[in-house]
């Protein structure tokens, strides 16, 4: 039930070593990598449509896809198609949000949850159940969106009142503080009402199971707006990577760059969280993997992170469907365990690129 | 407060002679700057003439980098104003300033997984916008900057793998790619051995001579500052202590006041510029 | 430049002030509650002059809770000060080693898998839960430390691996809660918030023993912590056995946290905020160890007394500390404009 705090790393605790020096991708290899990643994502999509706890043979799935009337038990159109579509969208959003986040904070450990987005969404959902007694899909979605937006605006406001938006560290600390506060209030409500706890504990693990396309249109709209802001932020992110002083010297409007980045992160994360509940690790891991393949230029890093995020989410969802027997393991849990272990392996091999 | 124009007639005379046609590259008027309301300079006036290499020198912690940052609008002044070619910087957009003025801070961050060419190409930032994306011209300027700094063959290496001297050249290339007529450099020779220091300063001089760029930099080595500058500005104790040509400024009196250093100044046998020889230690 | 002796003096004054405040909060904590007592009553009773019912209330009901709060807070504050200094990171808490998530998984597993009904579960908990939680905490820390070892441990790699482990363990914990009976889910959520309501003499002793053993060890590392702030290479050059020092510091922080968490559940914000407050009050270069511990004691015992006196139906102290600590931190952020090295 806890939501973890994020850590900032001081530049001097990060030690560069020659073994961490990444490759030097040329524009051609980068384009090839993007195409390969797109193919991997396509493969994950196909797997997500074909495999599940209801064993339907391949022919029947294809038949149902071509002709909805042929759908055995409405599994394909009722469950697999929506969760695949939503999974693609959520993974893509979280991957890109993570890349923007890490570029903005120059913190290789930054996760979109850091702005209090997940905690804000959780609290809003809990309040919805506590006050309104409802946990319908659309209400949850809208409440989560609202909560996520409010939380990140508060975090940015706090940081702006202090050292200003130009420095990344106060942002991370403000995010930690606001998250702690929101989690405490959430816990209080959850502990004082059984119905709220019942709804919350299912939501907070993060799952694609049983999610339908109802209301997903609203989330998609927010996600699209977030994507636009992310694209608009690409060149600023490339300047910010040189340090705030040089970025300023290059004519970067730092406050605007931060605000555009915030909007991108918040909108992308909020729409993802609204659909599945908080899902960790994609925002953290996808950009790290992407950086190894396409380098640090955000023009390539963003699409690569998005594709890797989408593929990761779908693959973990498929794993969750297969290992749970009749009850699926939610994708949030699979990601935490698989992602956590994979992350440890990567760190142990000294392959985490510093920022 | 010492007015630069008052104490350095030789340096600012050319600019003053033709005020209407050529406004000074940079001009600070009544400048008060500092951190957290603790002023380092109060009511300071300083003018930087076009086409010269001006070097700010002074003891550690005297505020020379602070002054450079104020000129490069990295540090907004508490009071007073900085004008860029006669236009108040405050009234200009960030990109408009960046097209006229480039600044290389002391410790820029080397981004991960980035090639030298990528790094240098980011100097084109102020010339780009949503409606003017990357063009062949940008590529040409980037390549020219790489060539001018002698690192063309390193273009596809990862920036993290460069040696100190190579990396410094890459940063200067980035600033060159910005194509601004005014270039501010904060201690561009720190952490370099003597031959690489000379390398960088020769490069700076050639940028000044061949492109007509105005250069303002902060240096620690007084002899090198004297050798490669048209004008030296000595700062200390919240004011300008001395201002003028190397021979006017690098005198035993100024060195004693600014650095608490006992030294004689002789002509450099190689160049005829001032050479600082610290006094021998008195053995009792 | 700050005169060294001057700020040493300030540290001593702040430490003494924290000590006095902690004792006062302890007394108030004993007074506060349903049956009425006055501070003189409490003092008299503590020195053996109370009536039978006063002795029952003071020694059997209030004392374990208040003393438990003080000790748990002290352990968390000290552990936080050690970790923040060691990692050179103001946001670092013993959580970087996955201690709390390990304890949480242990405790939640014990609650969810340990018993079919709430009554049985509660019976099991009073005996087995702290032990299971402590084992989870220490086991996780050992595994994380082992994984981070590659001819030495650097704090960056340690933090990264701790994050990976924490995520994996939290995923499993949340899954257990989602799959459990609702009553067990409630008990587990209650434990995860951190509360002193279930504390007894039996759970106070381990924390006290941990503090008695580990405080001297931590204080002996004090001067090396100062050296460590200069970076591993510099510290080695100055003749410090860096890896042994790190192991000692980490072991102290882990054991202190494990002891605290197994007694009360994770009271999360204390290890982070207590050293930060102590640091600012003392104006020193790194969180002062003893003052951080006392500040932690003050926060936990004070928060619990406040919750019992003012708030309705036994609000867990973990919620109180977050609700007080987070706005304090936000306030600090909004007024701090200076660059501070460690903070």
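Counting starts with 1 at the first residue shown.
Including glycine, each Cβ sits where the backbone N, Cα and C put it.
What TrEMBL records for this protein:
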type     : residues  : note
TRANSMEM : A:31-51   : transmembrane segment
TRANSMEM : A:84-101  : transmembrane segment
TRANSMEM : A:113-132 : transmembrane segment
TRANSMEM : A:138-162 : transmembrane segment
TRANSMEM : A:169-191 : transmembrane segment
TRANSMEM : A:216-238 : transmembrane segment
TRANSMEM : A:259-280 : transmembrane segment
TRANSMEM : A:300-320 : transmembrane segment
TRANSMEM : A:327-347 : transmembrane segment
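Looking at which of A:31-51, A:113-132, A:138-162, A:216-238, A:300-320 has the most CB pairs under 8 Å to the transmembrane segment (A:259-280), the answer is the stretch A:216-238. Long-range contacts of the transmembrane segment (A:216-238) within the same chain, counting only residues at least 6 positions beyond its ends with a Cβ under 8 Å from a Cβ of the stretch, are 82, 85-86, 89, 93, 96-97, 100, 103-104, 138, 141-142, 145, 247, 252, 256-257, 260-261, 263-268, 270-272, 274-275, 297-299, 302. Across A:84-101, A:300-320, A:327-347, stretch A:300-320 shows the highest tally of CB pairs under 8 A with the transmembrane segment (A:31-51). Panel annotation: around the transmembrane segment (A:300-320), residues 25, 30, 33-34, 37-38, 40-41, 43-45, 47-48, 51-52, 83-84, 87-96, 98-100, 103, 208, 230-231, 234, 279, 282-283, 285-287, 289-291, 293-294, 328-331, 333-335, 338-339 of the same chain, lying at least six beyond its termini, place a Cβ under 8 Å from a Cβ of the stretch.
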